[in-house]
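Everything below concerns the one structure shown next.
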Amino acid sequence: MKIQLVAVGTRMPDWVETGFKEYQRRFPRDMALELVEIPAGKRGKNADIARILQKEGELMLAAIPKGNHIVSLDLPGKNLTTPQLAEQMNKWLLDGRDVSLLIGGPEGLSPECKKAAAQSWCLSALTLPHPLVRVIVAESLYRGWSINNNHPYHRE
């Protein structure tokens, strides 16, 4: 199974790239973690946010291979504990499809992305910086994988 992280934003600080790549490299070949970056729309004083969201959404959906299971990372989504995430990852694996996780820009995800998602996952009720979310998601997925594979990374 491949897990594709589709995220708005292309110029991340070095610590974000380093953190994401650290967890990405830990995954085994049969469960690859891939990052697809979508250019953020230009936001200015008089920017048309609805139009920016629509364009970002179109680019995100175009980046997802047909047949992928789509999960939005969004505030009204479901909060998962680490064991619940591990269980969800097992379900995705049994489903036999690759998974695309969507991380929106500063204003979130477009309505089209939310509609296309079969599931919605909420990391926190807190507002998190979008660059940090990439690292948190990568670590959380790796921790879920480690539980499912009896790897000593996760401890109760």
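Cβ atoms here come from the backbone N, Cα and C positions, even for glycine.
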Binding-site annotation, Swiss-Prot, S-adenosyl-L-methionine: partner of Leu73, Leu123, Ser124, Ala125, Leu126, Thr127, Leu128 in Gly57, Gly96, Gly104, Gly105: Gly104
DSSP-derived structure type at Leu73 (S-adenosyl-L-methionine binding site), helix or strand or else coil: strand
Close in space, distant in sequence - Leu123 (S-adenosyl-L-methionine binding site), Cβ under 8 Å, 6 or more apart: Leu73, Val133, Ile136, Val137, Ser140
Those residues of the chain, 6+ apart, with a Cβ under 8 Å from that of Gly104 (S-adenosyl-L-methionine binding site): Val8, Leu53, Glu56, Ser72, Leu73, Asp74, Ser110, Cys113, His130
Farthest-apart CA atoms of Leu73, Gly104, Leu123, Ser124, Ala125, Leu126, Thr127, Leu128, residues recorded for S-adenosyl-L-methionine, distance in Å: 15
